[in-house]
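Straight from TrEMBL, the features:
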type	residues	note
TRANSMEM	B:12-38	transmembrane segment
TRANSMEM	B:84-107	transmembrane segment
TRANSMEM	B:119-140	transmembrane segment
TRANSMEM	B:161-183	transmembrane segment
TRANSMEM	B:203-222	transmembrane segment
TRANSMEM	B:259-277	transmembrane segment
TRANSMEM	B:297-319	transmembrane segment
TRANSMEM	B:331-353	transmembrane segment
Amino acid sequence: MLQGIAFYLLAAVATVSGLLVVTARNPVHSVLWLILAFFSSAGLFVLLGAEFLAMLLVVVYVGAVAVLFLFVVMMLDVDFLKLREGYARYLPLGAIIAAVLLVEMIIVSVAVVQGGAAAGLPAPGAPDASVTNVEAIGRVLYTDYVYFFQAAGIVLLIAMIGAITLTLRHKPNIKRQNPGDQVNRDRRKSVEIKPAATGEGVSAEELL
Amino acid sequence: MDPVSFWATPLGWTLITVGQVLLITVGVLIAVAFLLLADRKVWAGVQMRKGPNVVGPFGLLQSFADMIKFVLKEVVIPAGADKAVFIIAPIITVILAFMAWAVIPFAPGWVVSDLNVGILYIFAVSSLGVYGIIMGGWASNSKYPFLGSLRSAAQMVSYEVSLGLIIINVILLAGTMNLSAIVDSQKGMFWNWYGFGGGADTWPLVVILFPMSIIFFISALAETNRPPFDLPEAESELVAGYQVEYSSTPYLLFMMGEYVNIVFMSAMISLLFFGGWNPGVPQAWMDGLPAWIAYTIYLLTFMIKTVFWFVCISMVKAFVPRYRYDQLMRLGWKIFLPTSLVAVVIVSAWRVFVVGS
């Protein structure tokens, strides 16, 4: 019973907030609703018994990706009136894309119900009940699919290097702090004792 | 219907869980009230002041007086603010701060939800904590709060990376993400604690794990926006950062969330690296004791360790000047991240080649 209540609650929140993502007038509100949608779908994952994936969804998407989304959207200076102007013009295009998505989703759900191309294969699942979620994923990920795992890692590495090279700039006339130099600095490098006769002192030119 | 089966029904389960949640919430709140006072007393002690000493004996009731004062004041919402988000932000902060306590084991078996992915849950909840600050800063519709929230977003995302990598070391050694099991694997003498190497098989790793526990402590300071990393609310540059426009109860909620998070991080350090509820001394004499005395000893051990790390955090506040923003980023990305990555490689190599599976 509790699972049922939790499912309907989370599903309703996810659907409503998904709807509000596209209808909210303020883009920042859209991102906030998107975060709520992510969070509720993570709750649905927990109900499915995939608590590891649920936590990863929250850590990666909600905790990191959506923060950067919000970061960018908050900085944008969006003119809401201008944003609404092209509504009628883009409506047909939007409707076509929505229709294509709908058809694809129907096809996918039919395929899932019928078993699809993989109907004859055994479903990958936990080897037995005592094995935790994390262990079950780890066992297949690092054995059967290790090459795909490594390939995905390399793709991400390339994306990261690409992002760094695109944004890395060395400005010539900029002062940078080098903490190593600062820490290694001692009296001999920074202070010099100039001879000064008693009663006469030294003039500024002599010090240079 | 006999009472045992009643607690197994959905209603009974709900009641018992709500009871546990209330117990922990109230316990943490009262603890935070006194720890806040302790924080101010430590701070005052370092500066050779007396600190709050007027309300109640030794100023013990100061936090309660402050709370009543905050609640009775008027809530001022700026005219240009986004009202809903402005009010929701502190509520989110305080709720998330309390949510994380659900998986903290206070003594053997004394935990609301003994999740198998306990550490990931904590990581997920603490990564959500940044939203309260960002939303508060943005909704205020004012420059200083906005700058504060931008700083906080960058800072918390950066230090989460090194926190996560350090936790991976502990997960590798314990072989589980369940917090009770992690604490249980540090049973026995204090050299079984992961901060001191983690027992017979892995004692040479103390040269890595002890520095890692220190880095965890420093990252926890950055993650909770504590001095010397309190850039989101740097009072000398940003007045009070994301909290500038907040007053009355919403401000109280922000402060409460912050302190609950700090106490939580102290608890995490003691759970992951310093044995949690394990006293770290020979425990054979405890077998003859009645259960309630043994559990009191476990609970007290855990609390003493948590308070110790809390006092460390408040002393850092008094000792260390605030970091500049580029220094903060350099420390996070160029020092802590590579160091903890190397530590993960060495610890996992030791786990595979020396300890074996």
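Placed from the backbone N, Cα and C atoms, the Cβ positions cover glycine too.
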Exercise. What else in the chain is close to the transmembrane segment (B:331-353), if you only count residues 6 or more beyond its ends and a Cβ gap under 8 Å?
Worked result: 155, 158-159, 161-162, 165-166, 168-169, 172-173, 202, 204-205, 208-209, 211-212, 215, 218-219, 222, 323
For this session: Run the contact check on the transmembrane segment (B:84-107) against the transmembrane segment (B:259-277): 3 or more C-beta pairs under 8 Å, excluding pairs closer than 6 in sequence.
Result: yes
Exercise. Out of B:12-38, B:119-140, B:259-277, which stretch has the largest tally of CB pairs under 8 angstroms to the transmembrane segment (B:297-319)?
Worked result: B:259-277
Exercise. By a Cβ-Cβ criterion of under 8 Å, what residues six or more beyond either terminus of the transmembrane segment (B:12-38) are in contact with it?
Worked result: 6, 52, 59-60, 62-64, 67, 98, 101-102, 112, 256, 259-260, 263, 307, 310-311, 314
